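J.: Got these off Swiss-Prot a minute ago, pasting:
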- R20, H124, T342: substrate binding site (BINDING)
- G99, Y100, S172, D197, D198, A199, H200, T228, M229, S230, K231: pyridoxal 5'-phosphate binding site (BINDING)
- K231: N6-(pyridoxal phosphate)lysine (MOD_RES)
Amino acid sequence: MLKSQLQQQLKKLKDNNLYRFLRKNNSYNNKNYLDFSSNDYLCLSTNKEIIDAIKEGGLKYGFGSTGSRLTAGDINHQLLEHKIAEFKGTERSLIYSSGYATNVGVISALCKKGDLILSDKLNHASIIDGCKLSKSAVLIYNHCDMDNLIDLIEKNRSSYNNLFIITDGVFSMDGDIAPLDKLKKIADEYNGILIIDDAHGTGVLGNGKGSLKHFNLKPSDNIIQIGTMSKAVGGLGGFVCGIEEVIEYLINTSRSFIYSTSLPPSVVSGCIKSFELIEEGAPTKKLQKNIGLANKIFKEHNLIEENNLTPIYPFIFKEKTMDIAEQLIKNNIFCVGIRYPTVPKGMERLRVSITVGHSEEDFRVLCERINLIIKKKFKGI
């Protein structure tokens, strides 16, 4: 019964061109393979100093953590938490096994029945799932639309206890930045708490410190910062930063923290070194220089209209997106095609991620191949 049901559902996905599958990424085996899909913005996943730190951590502490943080799995983890809190300028931080686990664990623990969540329409799936797991009422405001947000708050605020405004710092599919300065003012005015998922802002904006620093905003009692170590940091895991009471409460109530085996200590050692390198500033400066170069070249080839501040570029090709992505692979370029339900129908795009490892020639090759594919296969778009 289950097998036949799943077969029918999989067939439906294939018929609607929505079927997902795992593809072998040859970029590590083929030096002629251009990778524009990676979130390793600062190329720290292959940094020698970090790899040496990982080796040292493995030799010192062993392969795995062997337990959750509240049992046997608290090894060098508090050293990393101290480093992250120092880096972000907050009282405390807490690390989780992934960015997804962080959002789900933080939101479901803090947001309760009788509370109200206002969530941006384009927030990451992990935020959406965290909201679903909470007992709070959830309202969605139009993407970065402050008037719509204020309208929803004024119509609903008086009926609830705590107000939570939740947003990505940098939106993962479009690369745009949430107006945190305006969101902070709104949170202050309506006695709300602002939760920022800065997965794609940490290491990228604000001299590496993230989206909050980009707006010259300081951490405060009503701001909770969430991040990941799997993007610019180049490693694995997630973290949350905030005041002492928030972190202590999460240690006692956040289920994805309490019931997960902690990160391997070797990974923790690598992440500590990575934050040290990011704090020096050089990797982020190099990335911003490359973003400026990419802006220039992508504009020349009519692939973008406005300059980006982040390394995420959406090239919207709608229903032709997946075909273009397949043709790029045949041309030794890995650039992920993103389609519904990750993005709305009619907004299918190539999600181009640039890193410090890309050169001017790499950007030009990508543009030329895309335009050639469009010309040959689609007779232009």
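Keep in mind that glycine also has a Cβ here, set from the backbone N, Cα and C atoms.
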J.: Long-range same-chain neighbours of H124 (substrate binding site), Cβ under 8 Å, sequence gap at least 6?
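T.: Set apart from H124 (substrate binding site) by at least 6 residues yet with Cβ under 8 Å, we have N103, D168, S172, D197, A199.
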J.: Within 8 Å of the centroid of the Cβ atoms of G99, Y100, S172, D197, D198, A199, H200, T228, M229, S230, K231, which other residues of that chain place their own Cβ, given that this set defines the recorded pyridoxal 5'-phosphate site?
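T.: Surrounding the site, in chain order, are N39, H124, T202, I226, G227, G238.
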J.: By the DSSP assignment reduced to helix, strand and coil, which category contains G99 (pyridoxal 5'-phosphate binding site)?
T.: helix
J.: Distance check, please: Cα of T342 (substrate binding site) against Cα of D198 (pyridoxal 5'-phosphate binding site), rounded to an integer number of angstrom.
T.: 19
J.: Among G99, Y100, S172, D197, D198, A199, H200, T228, M229, S230, K231, which the record lists as binding pyridoxal 5'-phosphate, how far apart in Å are the two most distant Cα atoms?
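T.: Pairwise Cα check on G99, Y100, S172, D197, D198, A199, H200, T228, M229, S230, K231 gives a maximum of 15 Å.
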J.: Just to be sure I understand the packing, how many Cβ atoms besides its own are within 10 Å of the Cβ of S172 (pyridoxal 5'-phosphate binding site)?
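T.: Excluding its own Cβ, the number within 10 Å is 21.
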J.: I'm trying to understand the geometry here, so how far is the Cα atom of K231 (pyridoxal 5'-phosphate binding site) from the Cα atom of R20 (substrate binding site), in Å to the nearest whole number?
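T.: Rounded to a whole number, the Cα-Cα distance is 22 Å.
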J.: Give me the Cα-Cα distance between R20 (substrate binding site) and H200 (pyridoxal 5'-phosphate binding site), rounded to a whole Å.
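T.: H200 (pyridoxal 5'-phosphate binding site) has its Cα 24 Å from the Cα of R20 (substrate binding site).
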